[in-house]
Protein chains: 4
Amino acid sequence: MKKIAVMTSGGDAPGMNAAIRAVVRYAVNNDIKVVGIKRGYAGLLDEDFVEMEFASVGGIMEKGGTILRSSRCPEFVRKETRAEAAKILAKHGIEGLIVIGGEGSLHGAMFLEEEQKIPVVGIPGTIDNDIAFTDMSIGVDTCLNTVVDAIQKLKDTASSHERAFIVEVMGRSSGYIAAVSGLVTGAEAIVIPEIPVNYEALGNKILKERERGKINCIVVVAEGAASAYTVARHLEHRIGYETRITILGHIQRGGSPTAFDRLLASRMGVTAVEYLKRGISYVMTALQGGKIVPVKLDEVLKQKKTLNMELVELTALLS
Amino acid sequence: MKKIAVMTSGGDAPGMNAAIRAVVRYAVNNDIKVVGIKRGYAGLLDEDFVEMEFASVGGIMEKGGTILRSSRCPEFVRKETRAEAAKILAKHGIEGLIVIGGEGSLHGAMFLEEEQKIPVVGIPGTIDNDIAFTDMSIGVDTCLNTVVDAIQKLKDTASSHERAFIVEVMGRSSGYIAAVSGLVTGAEAIVIPEIPVNYEALGNKILKERERGKINCIVVVAEGAASAYTVARHLEHRIGYETRITILGHIQRGGSPTAFDRLLASRMGVTAVEYLKRGISYVMTALQGGKIVPVKLDEVLKQKKTLNMELVELTALLS
Amino acid sequence: MKKIAVMTSGGDAPGMNAAIRAVVRYAVNNDIKVVGIKRGYAGLLDEDFVEMEFASVGGIMEKGGTILRSSRCPEFVRKETRAEAAKILAKHGIEGLIVIGGEGSLHGAMFLEEEQKIPVVGIPGTIDNDIAFTDMSIGVDTCLNTVVDAIQKLKDTASSHERAFIVEVMGRSSGYIAAVSGLVTGAEAIVIPEIPVNYEALGNKILKERERGKINCIVVVAEGAASAYTVARHLEHRIGYETRITILGHIQRGGSPTAFDRLLASRMGVTAVEYLKRGISYVMTALQGGKIVPVKLDEVLKQKKTLNMELVELTALLS
Amino acid sequence: MKKIAVMTSGGDAPGMNAAIRAVVRYAVNNDIKVVGIKRGYAGLLDEDFVEMEFASVGGIMEKGGTILRSSRCPEFVRKETRAEAAKILAKHGIEGLIVIGGEGSLHGAMFLEEEQKIPVVGIPGTIDNDIAFTDMSIGVDTCLNTVVDAIQKLKDTASSHERAFIVEVMGRSSGYIAAVSGLVTGAEAIVIPEIPVNYEALGNKILKERERGKINCIVVVAEGAASAYTVARHLEHRIGYETRITILGHIQRGGSPTAFDRLLASRMGVTAVEYLKRGISYVMTALQGGKIVPVKLDEVLKQKKTLNMELVELTALLS
């Protein structure tokens, strides 16, 4: 392997830069040239390439976002588009591709190898923690801490009976962020896509908490389960609570990555290059029990990651 | 003066606890007893009182919110209610009252002295910075840093053409938080109550920024000027931008107070007690040119604080 | 099991409060009474006990330190002292004990069960990450983020040739904190107890980095390997660098715990109670591959946790 | 005025980048060209210049340190060196110079105008807050918050009788940082250059606090008054306390600037350009009572800023 490429794709996540840095520096230390592809698959098709040296990635580890930028590229679902991409990679002498991103991005990578025989390694990078076979994806830990910090500030503010704070967090198909942030901030309730919302039960729970003497009332809602406004309307209607709404939005994708995300990203970046070097491809780097292991891309992508329901039970037990 | 009372009232603000601590400790050091009134004017009417010693306020300075809690008390607009309050204060031998809060709370205090002859000193505490004659109110600096931190995270996240991030911040009648946070984060535009929104001009400004090569687009909106959703709809409709929304909500009221707010609150708390001790009342402690000075309550409350338009111009010039 | 006790012992670590909260609330939900023992083994001997209810642990999860306080208790090495402790526990009807702390604290717990037949469960809480058989101890993740945040600030400050910043961090026998924080901040070198310091090699490495064009020079030193002053003297003497020293000290033990530490502590707290309830004791709750599992206390304590040398190599490869 | 230059000099301070950004953008908006001088006076002598456009300063406001870097330049005390500097400025057609830095840096600027007739405007940038006639210098507010955050973490950690935490902070000739951070964290004592240390009184004060029931003991020491080690030795010797030491060092110069520092720096940067444009020079931009005003450089530099002793008294009264 003389030359590889690296890209970030899909929604960005804190720690992607640390992964890029590790890919570039480990490759350079192994005499492998690295091309940075800007803006994901869209940039690949546009040949928006940049040569990356050891010094190109200095001072980026601590930065949120991705220096290579990212984008969605709907046309990459078409086989002809992918064939085009493969030609471009071949033209530039690129013998392997590392894709850092979420499920959609890994799908693109999988097809590039299946159809076009480009050796690919995927690195899971998404704040949603919805990728199967890896305990954590890059960005999840930072996102969690951002959400926890925000909810903690809500807990400071003047509590009063008959008022509820509704916090809408990311998670289209996964309630991981809502469940864990709710658990570790002692939120009174969570609303997640994995469990159909029962507004009657939700209202009753809040009334019961109040009877127990609690004056705080925080409900964490995953965007994929309901909108904060819908939850607010139900609470106002059913139990007569005033509500206050916080929608964190994309601040959850930003921020300097935590130590955990930097370490995970550094290890995955190094491992991805090592895999390509040893001829291992069509895999994702996965964190399993503290170790980075390869998992076949088709297995990753046909499995839906399920939420550990123990987390949800813990919230109910401890708050 | 042998015995005074202190309360926090209205929307809470970071630093209120530091003010309570300073009031209590400075009074105790001057052999003045302090009664803490819980839940503002509502707690006054309920005689929800607590005796405060030097040690009662240990370890509270760094906490957001207010240990005395706060509330709104609509019935306090009635003169009979205030007469009732005065009787309660007299019954408890309370010779002076310190009220920490925003405009509404200071109004209540003003009438207590005008009508009921209770010596009062107000301390401006509100994140909106909408109280006249004081350069800053307690809580503004912390709130600003919370907003700046959030917007900074947005700037990390993948920028792309034709996408705008709309951030809704506090400020019902004042655009101070939006104007300053927009200025110091380099936001592309701000929408504030002081200036009628011109959506056409806003759209054009964003398109012009894009032509100049900018790919970030952040618009900071004060809640009193428009809702983030309204701004988003206009931008989507007029210039075809996708939008992403963040509504910070009450996280702006929380968080451990900054050094500035702790210092301001400590100085104002000490000064408020000093005023009562010297027989100065019917005033608010105001920060003017680095000094704490007394300003008559009626003057404070008949004057609307205006936003320094230089701040708005700076944003336009520098971003 | 009708009644158990919980204590924190030894050096404190962020997240201990979250563990206490989980122990108390899970026990109460299972109709088990909980006694909080203040100041570790010293408080046990003094019968410094407090009954804990569901509400006693409200709002503590986010706080650094430990509400039960902690202490060292050298006399607990004597068997007679431990017999005394067992009598006290029996007198209070305490049927099981949960000890949250580091190696020394777990030793005490082990002997209490071996000799005195008190069922004990240990929870690993120490920022040093030096307890065997658990991937992480409570407090490590928060400590790492505190250190990373500090080093990151150093990287901001004016860099210049021929100047080195030496940062001394915790770790008497383990270089974990130094190694990981050095790795994820791109420090130029680390000095850890696991590897004898070679000042000549250290000086040469720094000179080589400089030749490569780097102007930053940060050396992270674990307190157990050398003092920052010693390292500074050597660098000044050998390569003529000016040095600037930062000693983080006990700020590494403080701070609101991260999401990771809160989650780990919550899970371990719940599991510890569950073990006692099921008759499992003489174990420590250990994090292995994402799961909480029981490991016998004698095994934990006869094994020295070794540092994963891959981390050290990564630092050398990537910085 | 067609072309000006800007430099940062001496010890760096958070917010310097915001000042550079404001200088550049306001100048460009006024059709004035801006040259960035790297590494302060040393870079001026080396003609280490860079042309700065509107876009050159994008995304720098939030960064600690200074993109222009900084340095000390001892040879600038010589008149011949300054004559040389003036020739270089003339050669490049630079008609005015903005110097961002502390006292030493402003001295250089003053002589450049007095002797060499280069119009200069100084901007006070130093974390020490030791520049006369300005309420605050750029960087002070950020530094204070960094120190407060660190001390707050110390307060979390297990308190015990007969132990003191000594925190050494910056301040060679000014105790401002120590005094304010001590005040707003409730430190038990401060040691500052303005007041000769009396170790006997210090020991007695701590013993008295302990008698009052306090178990925390934090002493904040300005580096210019004593070293943390000296204070520790005295406390151990006189009152038998164990001590734990934290030396914050240069982390106090780093970190993303606070809202206050960004705003102050933006206003001063704009004003400095405005002064040059209007023919006002030989001045420093000073913050007085919320306004930016010009103060003659010779006045600034012959006056020593004195610490407001009210701050010191407040600490004694409130802690």
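Cβ coordinates come from backbone N, Cα and C, glycine included.
TrEMBL lists D:3-275 with the feature domain 'Phosphofructokinase'.
In this view, D:G104 (ATP binding site) is surrounded by 19 other Cβ atoms within 10 Å of its Cβ, with every protein chain counted. Residues or ranges marked as ATP binding site by TrEMBL: D:G11, D:R72, D:C73, D:G102, D:E103, D:G104, D:S105.
If you look up TrEMBL, you'll see D:R21, D:A22, D:V23, D:V24, D:R25, D:K155, D:G186, D:A187, D:E188, D:R212, D:K214, D:I215, D:N216 marked as ADP binding site. Around the Cβ of D:V23 (ADP binding site), a 10 Å sphere holds 31 further Cβ atoms from the protein chains shown.
DSSP gives D:E103 (ATP binding site) a helix state. Of all Cβ atoms in the shown protein chains, 20 besides its own fall within 10 Å of the Cβ of D:E103 (ATP binding site). Here TrEMBL flags D:E103 as Mg(2+) binding site.
Summarising the annotation, TrEMBL assigns substrate binding site to D:T126, D:I127, D:D128, D:R163, D:M170, D:G171, D:R172, D:E223, D:R244, D:H250, D:I251, D:Q252, D:R253. Neighbour count (other Cβ atoms within 10 Å of the Cβ, all protein chains): 25 for D:D128 (substrate binding site).
The active site, proton acceptor feature in TrEMBL is assigned to D:D128.
Each of the binding-site residues D:S105, D:T126, D:N216 was scored by the number of other CB atoms within 10 A of its CB, and the lowest score belongs to D:N216. Our reading of the ADP binding annotation (D:R21, D:A22, D:V23, D:V24, D:R25, D:K155, D:G186, D:A187, D:E188, D:R212, D:K214, D:I215, D:N216) yields a largest Cα to Cα distance of 56 angstrom. Mapped onto three states, the DSSP output places D:I251 (substrate binding site) in helix. Under 8 angstroms separates the C-beta of D:R21, D:G186 from a C-beta of chain B, among the binding-site residues D:R21, D:S105, D:G186. When every Cα pair among D:G11, D:R72, D:C73, D:G102, D:E103, D:G104, D:S105 is compared, the largest distance found for this ATP site is 13 Å. Using a Cβ-Cβ cut-off of under 8 Å to chain C, the binding-site residues D:G11, D:R21, D:V23, D:G186 reduce to D:G11. Set side by side, the binding-site residues D:G11, D:G102, D:G186 differ in how many other CB atoms lie within 10 angstroms of their CB, and the most is found at D:G186. A separation of roughly 21 Å, to the nearest angstrom, links the Cα atoms of D:G104 (ATP binding site) and D:V23 (ADP binding site). The Cβ neighbour count for D:I251 (substrate binding site), using a 10 Å radius and every protein chain shown, is 26.
DSSP assigns D:T126 (substrate binding site) to coil in the three-state reduction, placing it in neither a helix nor a strand. Looking at D:R244 (substrate binding site) and D:N216 (ADP binding site), their Cα atoms lie 12 Å from each other. Ranking the binding-site residues D:R25, D:R72, D:N216 by the distance of their Cα atoms from the Cα of D:I251 (substrate binding site) places D:R72 first.
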